[in-house]
Structures are given as C-alpha cells and as structure tokens.
Amino acid sequence: MVTEGGTPSSHTLEDTPTWALATVCFVFIFFGLGIEHLFHITTRWLKEHRKTALHEAVEKLKTVLMLLGLMSLILVVTQKSISKICIPNKVANSMLPCHKILNETSKTTEAYEVVRYVSSALFEPRAFDEGIMTRPQHRLLASTSATSSNSTDHCASKGMTSFISEQGINQLNTFICVLAIMQIVYSVATMLLGTAKMKSWKAWEQETQTIEYLVANDPNRFRFTRQTTFGKRHMTDPIDTPILLWIKCFFRQFFHSVAKVDYFTLRHGFISAHHLSTNNTFNFRKYIQRSLEDDFKVVVGISPLMWFLLVILMLIDVHGWHMYLWVSFLPLVIVLVLGTKLQVIVAKMALRLKEQNKVIIGAPLVTPNDELFWFSNPQFVLTLLHYTLFVNAFEFAFFVWVTLQYGIDSCFHETTSIVVTRVVLAVIVQVLCSYITLPLYALVTQMGSQYKSAILEDQTRRMIKQWHEEVKRKLKKQSQSPLGSPISKIATSPLGSPISKVATQMSSMEIFQHRQVPTLMDVPSRSTNRTSEIVEEIQEA
C-alpha cells in the first residue's frame, strides 16, 4: 500500500491479497512438514540400525527446537506488554552496544529542523505536499520509525524510553534462533569431521587380530620398558619438571596427536583393567565410537548453564569494552589447553609405567585412573568441549545475524580488523577441535577408572537377539523333519542348563567370527547376571 507522497506504508491482513496470504501459508506448512518428515525418517533409520545414543541425540535436538518454538511464542505474545515498560532516558542511554552520535549541538540542530519543518507545513503547504522541503534527519527519522507503535508513544508521552521496542524483541527472537541453529550445525560438523579423522583407527583395530601383532606382544617376551615403541615415544626425553612436560605435550598435539602405539597401549590397558576379553577379541574402536555417540547427545543440546552464559555475553557487549574480541580468544585457549592436558595424561601414564617396572612382560600395561584428570572427573573434559563449541557458535552466529540484520558496516562491527580476527579464530577453533581435540578426547577419556557398561549391555543384547532369531529361523526350516534336531533341544533347554550355556557361547563365537562384535566371554564377570537378564527378556519377547 502506497501513500500519495510515494512512500510505502505498512498494512495488515485486511489489505493483503488472499493469494499472497495463501502462498506464504503454503510455503511455511510445506517446509514444516518436510522437516518433521525428515526427523521421522532419521529416527526410524536409527532405530532399525540400533543407534540408541544417536536416537537419543535426535530426541534432544527435537527438544531444543521445541524450546525455541516456545520461547519464540512467548516473545511474540508478550512483546507489546514488554515494550510498554518505560524506563528513564538516563538509564536507557547507559551500556549501549553502539556509540551515541548525538550531542547537545546536534539536539539543537534537530530542534531547529523540526521547527522549520512545521513552519513549512503551515505557511508553504504546496512545497510541503510536493515533498520539496527537506525533512529532519538523523535521530528524528529514527524516532519517527521507533515511535510508530502505541507502546512507544506511551513512553514518549511520559518523557521516558521503552524498555525494549517491539522491533528489538523481534530481532532478539531472530538472533536466538540463529544461535541455536549454529550450535547444532557446529556440533554436528565437529562430530562428523572428528569421526572422519578417526577412520584410520579401524585399520589399527584390525591389525590387533594379525599374527604380527600377537608375536610383537607375546605375553612371554621380556623387554626393557624404554625399549618398547611406547617407551621410545614417551620415555626417551629427559623431562624433570611438569613445565617441560606441558611444553612438550603442547607441541606434540599438532603432530600425530594420536599415534598408533598410543592407541595399542591404551587399548591393552583398558581391556586388562576392566577384564573385557581373554583372547584379544574386544573391538575397542567400536566401543569408542559408541561412547562418542553417547556424548554427542550432551554436546548437541543447550543446557541451562549455556543459556545463562548467553545472557552474560549479551550483557557485556558494551561499546568501547571490546569484550567480544577477548571472548573470541577463549575457545582457542581452552582447545589448546585441553589438547595439551590430554597429551599430558598419556605421558604421565608412560612415566608411571617406567617408575613401576624397568622390565615388562608382553605389551606395556598402563593403568586407567580418574586421578589423572582435572577434579578426578573425566566428564569435565566433555563440559569444556561443550562450552567451547557453544562460545564458538555464538561468535559465528552473532556475525551472521548482525551482517544479515544491519549490514557489514553495522556499528556492532566496530572495525574490519576485529571482524576478520573473530571469524578467523572461529574457523581455527573448529579445525583444532575436530581434528585434534575430539580424537584425543575420545581415546584418552577411556582411561578413567569407570567405563560405560550400558554400551556393552546394548551390544550384548543385540548379539543375543541375533542368535535367538537365527535359532528360530533354523527351527522353522527343520520343523518338517521327523527326527528331533539338536538345535531344537538347545532352543528349548532352560536358560540355566549347561547345554544352554554351551550353545550360547558357541553361537556367540560363531557370530563374532562373521560380525566382529564382543562375545559373551568378552563381557566382564560382574556383568554375568545382567547378561542372563537380557537373555530372559529376549526369550520372553
């Protein structure tokens, strides 16, 4: 809708063509149903492939999106009430994100332009109607735009300023949505890139089943600790102080952050400490992958602490403080310190092994211990990673939002050098976190005193269920046979009988030879009762 002077004016749905309204509704409904169907397909695929952890991560993602929708709805419903809250002008002009251009002189000039504009309207109507007279500029136009709503007029009539305008609430709503989307994108990108980097571990895991590996780690072979490959990597340099150790590990994370010998040694220590296998058949790489998927459901979400951090970051965005420039360095510092700490943990395990045993039998055996981690809590590393990804996502989301909302020359972008620095730091942190920190975290955090038994239970449940289905299929094929089949006897034997236990072990070994999954003999002895419960659940089903 256009006025006589040629300037556009806003109009409601009463003045909107029905075809335009229907088109917008169709587009939004189409995309909404498409996204919902995509979630449905993803969830069904994860269930079919028994990706329990990733399925929970998708559910967490849906919860975050639902929270965003609820927050957006609350902002839309309450924006008029919030904008009618009035505060003194002095308070409104404090802690501004952009420098206020107007001073007393500009205010006088603005008042003079207002008087001249009104005089022109009264004494020169022709010039006023044709738009010949120049209208007041600067803050007058901004004030006219800002006071177009009744809520702003309400505060202006009292000589005060609105707490936050309706336009500001809409812009805030947009920023929160951009931040949440960027957090999800950053988390998914980090996991995908990190997983791609860890693909080489599959070949390492397969190498542990070769004859060459078994000969090199013969349990009857005596060697000096310093002469092992693990000892040569960590024990050759004369390191007497923790400072030198940290300096060495700081630079090591950039060159072969996860070496094959470290993978073999930590794998052997993990299996031995938790009694997971007696014949070297435990798939450590698959366990790490499942563990990483379990951690992903934590990283992809936005915890209440992260929302509180968002409030703090928005509070300190004051002109002249340059806080966002300093905040952009925090993720880089945390990623570097975290990578160094993980390298230090591996080095300390090697030094402890050197102090305990001058001569070793077989492969070097390191001992997992929570005391090696900060606060004796390996999960604290995951908290720092979550914080790093969130702050990095905030940096990039803020840049994208300001650029799209206000343009690249916005006052939020104080100088070009600061903008370039923040973007470059965000990219560097993403690369370091994906290719260095995440693989280190996935491997080294398994060196805690505890392990995720739920992951092994899930693998055991899947293995027994596959065996149960194979037995049922064989029974169906041999149902026409006049003679009793040994398999039918096995299938109908009680769970606690010896023949059932032998059949379970034999079938498990057969499944392992074809699928390379942990057998029942690989399950810790303290999990035997839980394994029996799983078998009973499957038989009842």
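The backbone N, Cα and C atoms fix where each Cβ goes, glycine too.
These features come from TrEMBL:
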type     : residues : note
TRANSMEM : 20-39    : transmembrane segment
TRANSMEM : 60-78    : transmembrane segment
TRANSMEM : 172-193  : transmembrane segment
TRANSMEM : 296-316  : transmembrane segment
TRANSMEM : 322-344  : transmembrane segment
TRANSMEM : 384-404  : transmembrane segment
TRANSMEM : 424-444  : transmembrane segment
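For the transmembrane segment (20-39), the residues of the chain that approach it from at least six positions outside its boundaries are 13, 58, 62, judged by C-beta separation under 8 angstroms. Sequence-distant contacts of the transmembrane segment (322-344) (same chain, at least 6 residues past either end, Cβ-Cβ under 8 Å): 245-246, 249-250, 252-253, 257, 313, 316, 374, 381, 384-385, 387-388, 391-392, 395, 398, 414, 418, 421-422, 425-426, 428-429, 432-433, 436-437, 440-441, 444. Between the transmembrane segment (384-404) and the transmembrane segment (172-193), the number of CB pairs under 8 angstroms, six or more residues apart, is three or more, so the stretches are in contact.
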